[in-house]
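K.L.:
Before I ask anything, here is the structure I am working with.
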Amino acid sequence: MSEQDVTVPAADESARVEQVAKPADKKRGGLLKGATGRNLGLVIALLALCIFGVITAGERFASIDNLLTILRLASIFGVVSIGMTFVITGGGIDLSVGSVIGLSSVWASTLATQSMAEDFHWIIMVLCALGVGLGAGLINGVLIAYGKVVAFIATLAMLVAARGLAEIIANRQTQVVKVDGFLDFFRSSPIGVPMLVWIFAVVSVAGWVLLNRTTFGRRTIAVGGNPEAARLAGIKVKRHTMYLYALAGLTAGIGGVMMLGRTTAGSSTNGQLYELDAIAAVVVGGTLLIGGRGTIVGTVLGVLIFATLRNVFTQNNLSISAQAIAMGVIIVVAVLLQQRIAERSRAGT
Amino acid sequence: MSTAMRRKWLAAAGTAAALALVVGCTSNTPEAEDTGEAQAPAAAATGNDEPGDKVVIGFSAPAADHGWMGSITKSAVAEAGKYEDVELVQAEATNDVNLQISQIEQFINDGVDAIVLLPFDGAALTEVAIKAMQAGIVVINVDREFEDPDAARTTVLGDNYGMGVSAGAYICGELGGKADAKVAEIAGIDSLPLTQDRSQGFEDALAACGLEVSNRVAADFTVQGGESAAANLLQAAPQLDAIWNHDDDQGVGVMAAIENAGRDEFIMVGGAGSKNVMEAIKADDSVLKATVIYPSTQAADGIKLARLLVQGKSMSDLVEVEVPRTVQLYAPVVTKENVDQYLPTAFES
């Protein structure tokens, strides 16, 4: 079947997209309880963690200050996880986000960028970081969609290359941010909530709307579930795949800006291993690693679970190596528990 | 018992046996010699060691990805354990500045008395350290310096430039007046300022006796990195008179490469001061003739100083009433003659 066959009027196209997305939707329809069940499982896990925290650390854990500490920790890799949710839902993977955080934080804090920001407005630093993230994501997307390079390899190459470029730009030194407007913005906390947490909230809501309420989201699910069927339905699969990686790059760029705001310094070592944290949060959240199903709510819960875990561990002064083992065990238990609950609710219908 | 049942039992028994075997094999503690080491540097007991008010100390350091860093945490914990009035709260060891910042925020929330902090990146942790100081917490900065002197009450530092000078001066002394002597240098991670300081000191000390570095390679503080860097170096330089290797952890790999190449026409000086290198110096049966110490007990000193500061005591061997602002440690050369003096504080790599 040639491409021409698939060129259909726009109105018709969205109807077809609906059709392609349907099989997945139908499965989800049967699983509707399953989807809520999965999230319910995560909420229960999070609550259990909090109860454990309150029992073991009491008011130290339950204080507002501590809650904000957890949220601040969660916000950077939370934003990156939202972008990762789209890529994974679309059947791909992006290993480069951590390096792109490092690269964008370095690029946005060079002397040149900073002096430009001093002359015009600090927003230049933000735009620079977002541009770098978007650019890296686009390169990934083009390589994967049009160059037919496997996502794992293309983004692995970006992981290495972006880190190297960041080292060259920074001359392997830490670049301290001295632009007051930028620092003041990220130090502020409107209505008592730190700016980083606001950004995480806005990105999460935007991600939810994009995935669940727009054609873009439905196309993402269709492309991840069955690319061939999606193509036959008139979705430009290649272009859409490219968009997904660009989106992940953009969230990594946002993460880079947040990193700059939080640490007041750009360094090529920023964001190391964030790709693994993000993938873990997305998968624990219930997004299918093979694509075709994604949940932003689940991802946010996954992110919060990991951040809370770290906090509870430190509160209880557990030995460092024991913490790492416990973390691994909890990932496996969380996923097993989710599957159980999902199966049970499927059996119930 | 059915076949299936028996199979299950067999599988279970097999797993249990394998587990028992694995668990039995994990111990790394040498049977006898370990006991002496723990309380080895038996400093003369002073009035300062008398139990005083209870002190809660928060401790955070980068991931123990090489022997020296592992020893930093181990010796800090051991030091805290000697005092019944010290309660040490340990945070997860991490190379992620975002997580390390949140650990310090948590310490501030918890209202600890003091924080001993070896930051992954001094600049990135400066702001949160200032916050801790403003909250009335005594902050002790270890090894990697903050951007701002107000961020710490006291700083404990090694002497990287001095290490290079000590190594260079020793090699000058050994090679005597040999004018065209070939001296090679195997550096650690080139991007770190500490590596640049060490190399600068080495260059300056060699210049004083008319020598220069003829071959320079950089590894990454790991055994495999040291092996490949040294193998390349030996290939490139058919005849050498001396080698200075910055780090004894990577030195394990360097020695392996030297043995593989069957070379022994030169002398080698190590760096940092690991236990196995000191034992090799003592045995005097290899090219290793000396090492330069970079104390891995810095954080342990930080714990001691934090306790003194919180309890309002002074350093008993100084006339000064207050604990000093900066304590810089010395980088002595360890040779066969004085090795016994330093062996007790050497770290296991």
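Every residue gets a Cβ built from N, Cα and C, even glycine.
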K.L.:
According to TrEMBL, region 'Disordered' applies to one of these ranges: A:1-22, A:23-44. Which one is it?
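P.N.:
Going through A:1-22, A:23-44 one by one, TrEMBL gives region 'Disordered' for A:1-22.
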K.L.:
Six or more residues beyond either end and a Cβ under 8 Å away: which residues meet both conditions relative to the transmembrane segment (A:149-170)?
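P.N.:
Same-chain contacts beyond the flanks: 87, 92-96, 98-100, 102-103, 106-107, 110, 136, 139-140, 143, 245, 266-268, 275.
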K.L.:
For the transmembrane segment (A:70-89), find every same-chain residue at least 6 residues outside the stretch whose CB is under 8 Å from a CB in it, and list them.
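P.N.:
Same-chain contacts beyond the ends: 97-98, 101, 151, 193-194, 196-197, 199-200, 203-204, 207, 210-211, 220-221, 224, 244-245, 247-252, 254-255, 258-259, 262, 274-275, 277-279, 281-283, 285, 287-289, 291-296, 299-300, 302-304, 306-308, 310-311.
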K.L.:
Could you check whether the transmembrane segment (A:95-113) and the transmembrane segment (A:191-211) come into contact, where contact means at least 3 Cβ pairs under 8 Å with the two residues of each pair 6 or more apart in sequence?
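P.N.:
Contact absent: fewer than 3 Cβ pairs fall under 8 Å.
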K.L.:
Give the nonlocal contacts of the transmembrane segment (A:273-306) in its own chain as ranges (CB under 8 Å, at least six residues past its ends).
P.N.:
24, 28, 35, 38-39, 42-43, 45-46, 49, 70, 74, 76-78, 80-82, 84-86, 88-98, 101, 159, 204, 207-208, 211-212, 220-221, 223-226, 255, 331, 334-335, 338
